[in-house]
């Protein structure tokens, strides 16, 4: 038995907020989903990118994702090689992927692809999964392409927080007109920043820390290291979710066929990941990459001291500390510093799932109702079927037509139209469930009054729609029905 | 610009599983939501419950939730008083709540309601929030009623795991035909159980532990204690989510007006909560409440040793240990024992949110399309408007009617009907966005061919629907249009 959405539960009162309508999903989430959907479906104008191949291996519909690489090749700071990033559709699955192309690179040993296999297996909610890698000459050079999951509309920590920082928010920005020494200037900047509350909220920073630690933990326990934990390699996808990207590229590019070497270097790379995590947190906390410069470290730690808790300072200190002798750092050791914030993060994730589930409940019936209304529409008032121009005016279809009038064109007693979506929904629900409720259908000339149950109408619709589908599927049926012996079956 | 759902992202491949259609939500989640919706909307037959008041304070539509209390009053094991549980609708908000009624109870001091105020503020995703409490004579006695958030279709840990345990799964069940001593019998049962893998998976148990700890932490840090952490007071709502219920009842029933007393007893009650948590975990791990009996404790620990990790054993031991002198236990101390399982729990919650969001994206346009198709239907083929029976056959409406034919009744070149939901969706999307794409509409007699843009059709629909709404809103407009001077405005 279908019934309408019962309304949001009382436990969702706080997160539902002001809702214009509780029968359709929240407009913000809708706009966000639509935006991502349209970005995912976007295609590029071939005239703008004449050099772009139409097909690269089994990918097509390439769209460049980094505008700065359009006009001139730029060497990646991370890899020291020219790179480009494209959105592309997989010709086999139709799914979209993000292709990272390393220009002018020749693979020396096919064995390096074994690293890709290892990375493929690390699937985690804070990691952009590497799906495959292949070499190609489609771009007119020797390129190697890494195919990752694609997140429409994602930006990086770099572009969101560190690249576009306005100078007055950046305590390390060097103002050429300012008198040396910079320190005073810096400190003033710092005061301004702290006073204005321009720093990231500590709770957001901890949320990011937990997400990044979660990703690092998965990568490290898979016997791998990220090796490129850089603000430009951390995506922010929907709702502030972080995802590490670029996993495996370094491993392939620097592949050394002596496998013992890889195993030997892994602990070193993992330590470097933790150091990189510390730097990343420091840069985010200070709102500037300059915080990482050797000269600025004490000012940076001052900023953290003034704006954040000692837990955060201790975490950064731990991650930045150099490994002492045999005592190596470990991602698990970070957990006590995160402490009860795990509970907060979990509660936020749980509440968000509750919220999404309620949104889904609001939309629960709309797909079904849309299809049903469409189905009814294909039958009612159809000009002809199987050359019978009275098809929709006779038999079952006649009843359905009267039902359509009852549902869509009701009037009040004084002859005014009565426009009510709830009435339409109620009629369709009863029709769909073949309810035994009866309604009184009146012909337009008021001469005929028929009392039918929704169950009968349901049967009428099923029969008529089946007839329609039969006619659609069997090319010659129309002619056979009319006794034609034509053989134009196709 | 509206576009259709771009299909699931590649990162959701694993959790989407086998989907019959990617344009509508998964059937399981749909069935689950529908089920909960219909339970929420269920009403009881007044004839079955003649004693049930139609109104209790500002609640109505009471539905008994515990069938065993229907025929005879049962004293609650927890509270030692007769209790009943009802679903009810709040007359002010229309929302549904769960009412817990304590029969025949007279409040001695109105001050006890201050405890309700404290509990109202504890809102947490693993706690059933107490919304209010009031005394009432509506049931024909002096009752006190506690109103909680309502979770349709929820069951308790007791009913799910501990009450319905089949005897052969319960290592402590006493078989009267078995020879004494029971120990051998018990051990044999235990072996069978472990061999058959009848115990709860450890990962599920940890998930429950994290959820319960999360709830306890919130309650304790609000300066309260649960005092009824019993399998019958832990709800399992959708998707295995646990929620503590009954918070505040003990505090009100045992309220002592000397407030110093409450503060003094709080640490004791909080220690008891931790002990109760240990017992709850032990009972779940052993699949039986008998595990908690003093005689059975060593067998219970054996079961845990054989089936679960040492972490779990240590956690249970810690929680069950008696407080030694001044050293009291603390919910925070449980965190290191949970350890990296926090990450797993977070990842699962995050993935689930991703999944729900994708489901929502599938349903994104159905509500809009349904409304649009309904809107078109109210205009096209309407018998009359303002006494003009040709309204729907003229002007804008004529174009819309031809568009309806184009959209819903297309035919192939050889005259067969062409039934295609995608065509309907594409037409509606272009109509909704007032696309400048043009289509060729042909009258049924093939005599007229009109080339119109979707933008024009969009305008036609807006104008016609507005006209309809005007007529619906202004009672006398029809008469005015016809020059009538009747004054039957109402």
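Keep in mind that glycine also has a Cβ here, set from the backbone N, Cα and C atoms.
Heads up, TrEMBL stuff is auto-annotated, nobody curated it.
These features come from TrEMBL:
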DOMAIN    A:68-343  domain 'Protein kinase'
BINDING   A:100, A:149, A:150, A:151, A:152, A:153, A:154, A:155, A:156, A:232, A:233  ATP binding site
COILED    A:340-378  coiled coil
REGION    A:379-490  region 'Knob domain'
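Here the features listed in TrEMBL are placed on the structure.
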residue: A:100; record: ATP binding site; Cβ neighbours (10 Å): 24
residue: A:150; record: ATP binding site; Cβ neighbours (10 Å): 24
residue: A:152; record: ATP binding site; Cβ neighbours (10 Å): 20
residue: A:154; record: ATP binding site; Cβ neighbours (10 Å): 21
residue: A:156; record: ATP binding site; Cβ neighbours (10 Å): 18
residue: A:233; record: ATP binding site; Cβ neighbours (10 Å): 23
(message) So if the criterion is CB under 8 Å to a CB of chain B, which of the binding-site residues A:100, A:154, A:156, A:233 qualify?
(response) none
(request) Could you tell me how many residues in the region 'Knob domain' (A:379-490) are helical, how many are strand and how many are coil under DSSP? (result) 55 helix, 14 strand, 43 coil
(request) For the ATP site as recorded (A:100, A:149, A:150, A:151, A:152, A:153, A:154, A:155, A:156, A:232, A:233), determine the largest distance between any two Cα atoms, in Å, rounded to the nearest integer. (result) 17
(message) Taking DSSP as the reference, which of helix, strand or coil describes residue A:233 (ATP binding site)?
(response) helix
(request) Please work out the mean pLDDT for the residues of the coiled coil (A:340-378). (result) 91
(message) Under DSSP, is residue A:156 (ATP binding site) part of a helix or a strand, or is it coil?
(response) strand
(request) Could you say whether, by DSSP, residue A:150 (ATP binding site) belongs to a helix, a strand or a coil region? (result) coil
(message) So, three-state DSSP: helix, strand or coil for residue A:100 (ATP binding site)?
(response) strand
